[in-house]
């Protein structure tokens, strides 16, 4: 696989070519994903739940994300690698710069930050300092205590309109990717059409430019339950490599996510 850059993703959006993304946490799986031509990987703070067994992502530290980023980069030298900025690691602009630097030095090509238009100045600051940013909207797991659980976001008109505004504000501030989690497909379509940067969805229908799944969900090995928006590709194929290829192709063809994986 050739080295993937944000410019490739921008070109794919312009060409209407959909792309797949998955979380990764170690060199072995990162290598497997790269061998199957997975273009984008995310070292997610989801590791707190799927690796550490925590009930949410809040305990994850920047040092832990940096460690797993180094592991993933070792296994996948050519993917576009995003790394999550954990809870409160970007509470101030100064903290954001210091912690983003650690993740970029660990091998990330981009950091992912949760938050609406209030985070625009931080994104602008990072972009000006050569740190590409993916802005995460919708269900932002670090806000689980505000939301009262993992709930669908943007179902009423006021919140939907605010999310569109957030996406455009963050793109203007310098975000190079927008990630939408657990939002109605109609809202995801509005945002995907409104933004010039690539939009990645998880639980956001099949109209976004890209899709992302947690690795453990894609292989059906999550400890607790299978989210509505996920699919066990390993059960369908019986082989991990074939499962990865099937996921990539289904995303590219717009077959996944299907109606049963989508919120209205």
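Backbone N, Cα and C define each Cβ position, glycine as well.
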Going by the 3-methyl-2-oxobutanoate site in Swiss-Prot, where 45, 46, 112 are listed, which of the candidates 8, 15, 26, 84 is also part of it?
84
Neighbours of the 3-methyl-2-oxobutanoate site 45, 46, 84, 112: Cβ within 8 Å of the Cβ centroid, same chain, sequence order.
23, 42, 43, 44, 47, 57, 60, 65, 83, 85, 86, 141
At a 10 A cut-off on CB-CB distances, which of the recorded positions 45, 114, 181 has the highest count?
45
Given the binding-site residues 46, 84, 112, which one has the fewest other C-beta atoms within 10 angstroms of its C-beta?
46
Tell me, which binding-site residues from 45, 46, 84 are within 10 Å of residue 114 (Mg(2+) binding site) if we use the C-alpha atoms?
84
Calculate the distance in Å between the alpha carbons (Cα) of residue 45 (3-methyl-2-oxobutanoate binding site) and residue 181 (active site, proton acceptor), and round it to a whole number.
14
